[in-house]
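Look at TrEMBL and you will find 21-43, 224-244, 251-269, 307-328, 349-371, 444-471, 492-513, 554-573, 593-614, 626-649 tagged as transmembrane segment.
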């Protein structure tokens with residue numbers, strides 16, 4: 001209740017509490033137990049080797065240690081032209097034998113030529129690409145090819161994603177393999193190389209995407225060390241900035257504003273210089289529309305239109321920020337004072353600056369468990385074998401068992417039929433409900449991730465609320481405010497946090513389902529369905545952001561009063577609506593200033609990464625790694641820097657929101673008289689009560 005007069009033993013409302021939303025707490029515990037069971041089942045049935053290693057026609061992994069194929073990491077297709085069949089797109093498997101080999105072929109050679117060769121070296125080389133059972137040298141070549149023990153031909157190939165594809169290259173617009181435009185198919189016919197190209201494309205329907213992915217992976221392997229250094233620089237810069245903000249809040253905010261304007265100004269200048277430098281160069285005036293999409297993004301940097309677009313975007317951002325600073329200059333002064341008060345609170349709870357690392361660690365565990373469970377679930381299918389044949393056969397496409405295939409009627413009715421590995425699947429109840437388990441995995445990931453974030457927010461809010469509601473600061477504060485707040489959150493309010501994160505998780509899962517439906521309907525012509533889906537996506541995006549805003553303030557009220565989630569959300573919303581002018585003007589101005597701080601750190605680290613990875617810093621020009629796409633590490637550093645800066649600034653953001661909500665509550669609980677004194681500090685009282693914002697009347 002509201003104290004009628006100052007009581008030295010009264011320590012604010014944050015200490016009187018009991019357990020809240022117990023039903024949701026029990027529900028969360030049961031869900032976690034179910035999630036563990038799903039993980040154990042997935043790890044029991046799953047086999048990630050199905051993702052890592054290619055699989056031959058017998059369902060064996062290529063390159064797996066401890067198997068006969070340990071030194072045979074590549075998959076070789078007997079006749080890759082067969083992969084041009086439409087069947088590939090249905091079964092995701094070529095109707096031709098596939099074996100594991102130690103290396104891909106590097107020369108043209110037919111089996112007939114190798115068999116008739118006077119030198120045994122040709123046949124010895126050819127044996128590397130035959131099935132392991134081929135050991136009878138007296139067997140005739142026609143029988144060998146009929147039994148499909150050896151391929152009819154070898155073609156110069158290169159490995160891609162551990163699969164041997166023809167080494168196709170274009171010379172002056174002509175498709176060639178090994179400087180040849182035609183090849184001997186091993187059966188006495190000359191065939192065009194373009195047939196190989198069609199087979200190679202169908203053999204890997206995502207060939208270009210895999211090439212892009214492989215190049216990106218290569219870039220990460222050679223630049224990961226420098227990416228980590230860039231992220232460490234961002235972390236150190238964020239920490240230094242936050243510590244300086246603690247002692248020099250006013251100066252640091254103005255320095256931050258000026259630096260952001262200068263960084264954006266330099267970006268505009270750099271874009272203009274690049275734009276002017278490309279004037280008159282051949283090909284630089286090609287429009288982005290005419291060029292189309294290119295996987296090598298460096299191509300765009302040779303176009304004047306690209307730099308013009310960058311320059312216009314940066315100019316718009318610069319003008320918007322300057323106009324906001326001009327119109328909000330008086331509010332910024334008040335916001336700076338609020339940040340100074342937040343700095344004093346952070347100064348008394350210095351451990352809060354490192355608390356985001358704890359939240360980040362828990363989120364990493366959550367992501368790792370979700371990703372590993374998803375991989376094990378997706379690889380827990382069994383090997384399915386199907387009948388493949390070249391001529392018409394009534395059994396084509398039916399499932400079969402390699403062990404008993406030769407004893408069935410299929411081989412009698414279809415002599416050329418083979419029982420080959422097709423894909424991974426299953427007909428058991430477990431395999432039928434795999435999609436349900438994957439859905440549960442995604443849902444639990446969102447629920448637990450939101451719970452971890454909520455736990456971090458309540459912990460920080462409780463620590464900073466203990467500062468605000470201490471009448472004598474810092475004497476009336478607990479010895480370890482952060483740990484005390486963390487203990488209170490887990491002991492009393494796990495159910496409330498589970499409730500809030502559950503509501504948010506349901507909305508996020510619905511958004512994921514809408515995105516999936518949108519992806520499936522892209523090829524559809526129903527414009528009304530697309531319009532309706534777009535409206536739903538927009539509505540649920542707005543709903544998600546509103547719930548995040550409401551949850552954040554509800555968690556503050558939970559930390560302060562210890563009420564259940566629904567009561568806290570209602571009280572927080574009502575309190576904010578009664579102080580809507582302060583919320584719109586003061587709280588959001590501080591958010592804008594913190595956004596400028598993040599922008600400064602991300603922009604500075606991003607510019608440094610750009611100059612480093614593009615070899616423009618002469619001192620370390622030879623140190624920077626050679627890359628396929630230099631935008632890969634740059635984007636990684638920029639995104640990582642933003643997440644790191646957001647983690648550190650979230651402490652100040654939560655502190656400001658908590659102090660602001662406590663301030664509004666303090667105004668309604670007390671009137672500043674000796675009987676009902678304010679709990680706010682004299683500095684905060686002077687700023688907010690004598691400034692431009694008059695106290696609201698409840």
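Backbone N, Cα and C define each Cβ position, glycine as well.
By the Cβ criterion (under 8 Å, sequence separation of 6 or more), the transmembrane segment (251-269) is not in contact with the transmembrane segment (626-649), since fewer than 3 such pairs are found. Between the transmembrane segment (554-573) and the transmembrane segment (444-471) there are at least 3 Cβ pairs closer than 8 Å, counting only pairs 6 or more residues apart in sequence, which means the two stretches are in contact. Put simply, of 21-43, 307-328, 349-371, the stretch with the most CB pairs closer than 8 A to the transmembrane segment (444-471) is 349-371.
Touching of the transmembrane segment (21-43) and the transmembrane segment (307-328) is ruled out by the presence of fewer than three CB pairs under 8 A, sequence neighbours closer than 6 excluded. Remote same-chain partners of the transmembrane segment (307-328), defined as residues 6 or more beyond its termini with a Cβ less than 8 Å from a stretch Cβ, comprise 257, 260-261, 264-265, 267-268, 271-272, 274-275, 278, 288, 301, 589, 592, 596.
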